[in-house]
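Presented below is the structure to which this report refers.
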């Protein structure tokens with residue numbers, strides 16, 4: 001019922017998505033750029049910012065924040081919410097994933113703890129059933145925490161390595177992290193611990209048979225193009241039914257950009273001694289690569305049949321096939337191109353974000369110069 005917009009200059013805008021009327025501007029929602037917004041229920045929502053804080057808001061009383069949460073030491077980029085436990089999960093460019101207990105929230109904040117840390121962290125997502133946490137990095141790695149338990153903090157070296165998989169050859173898993181984040185404004189913490197170290201890799205063969213809580217899988221997702229260039233995973237989304245993950249990847253040389261869909265593969269590895277890859281590339285498409293260095297956020301439709309992807313000065317609606325069938329009904333044997341269903345262009349600047357309405361046949365997009373567009377596509 002409300003369209004909320006995170007803005008660069010400390011503001012949050014609220015609109016009526018049906019009438020397109022402006023409802024309210026939170027002019028000083030934060031002290032720096034607002035990065036993400038997440039509704040916790042039909043009235044409470046959270047915002048995060050480059051000022052290192054998270055703020056909780058109530059739609060019934062927007063003149064003041066419910067509370068401000070302090071815990072991150074760098075830009076906060078992601079907010080997730082577990083509706084079962086009412087735990088708020090945030091991640092930032094300090095490499096930390098922090099858990100906030102909203103059950104015990106006061107005006108002074110919420111009890112919190114550091115859950116996980118990895119350097120070059122870009123985006124963090126929970127699967128719809130909160131059984132997995134996915135973390136993308138600017139060094140091209142995708143981390144998956146399986147059988148997720150948010151109540152258990154993970155210190156460096158304490159998490160079991162269930163399996164590890166590289167699709168590019170040569171050096172060990174920490175050395176490739178030496179190339180710092182390529183995305184604009186991403187800090188580089190060279191002194192932090194890498195995703196995992198050599199001594200942890202030896203555990204993977206021992207863990208293949210079981211599935212302990214918070215077991216970690218480290219992947220280098222297969223991306224089209226020249227694989228020896230390396231890739232930065234800038235955007236990460238999950239299929240609404242938990243079937244797949246959606247990535248936006250840019251080459252480290254910044255001359256190619258791809259949207260890729262990866263199907264989740266469950267079950268034991270084919271051979272117990274071999275590492276198993278939980279994700280398989282099923283669909284992909286090359287993007288316009290306009291607005292290099294900026295992160296473009298893409299999304300699934302509420303039913304998971306379409307993808308809305310920023311494309312230059314507009315958006316493209318993409319399907320797994322020309323009939324927009326379910327992913328499970330058109331899984332190819334090998335990676336296939338995503339089908340362009342419709343292109344929508346109404347901006348005069350690079351589109352950075354797009355989102356489907358969860359309740360209406362409506363799509364919103366926002367561009368670098370601050371314009372927000374609403375579409376009601378007809379097919």
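Including glycine, each Cβ sits where the backbone N, Cα and C put it.
What TrEMBL says about this one:
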- 27-60: repeat 'WD' (REPEAT)
- 69-101: repeat 'WD' (REPEAT)
- 167-226: region 'Disordered' (REGION)
- 189-201: compositional bias 'Basic and acidic residues' (COMPBIAS)
- 203-214: compositional bias 'Polar residues' (COMPBIAS)
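Panel annotation: around the repeat 'WD' (27-60), residues 1-2, 4-12, 66-70, 72-81, 83, 86, 88, 90, 92, 94, 100, 102, 105, 185 of the same chain, lying at least six beyond its termini, place a Cβ under 8 Å from a Cβ of the stretch. Residues of the repeat 'WD' (69-101) grouped by DSSP class, helix first, strand second and coil last, total 0 helix, 21 strand, 12 coil.
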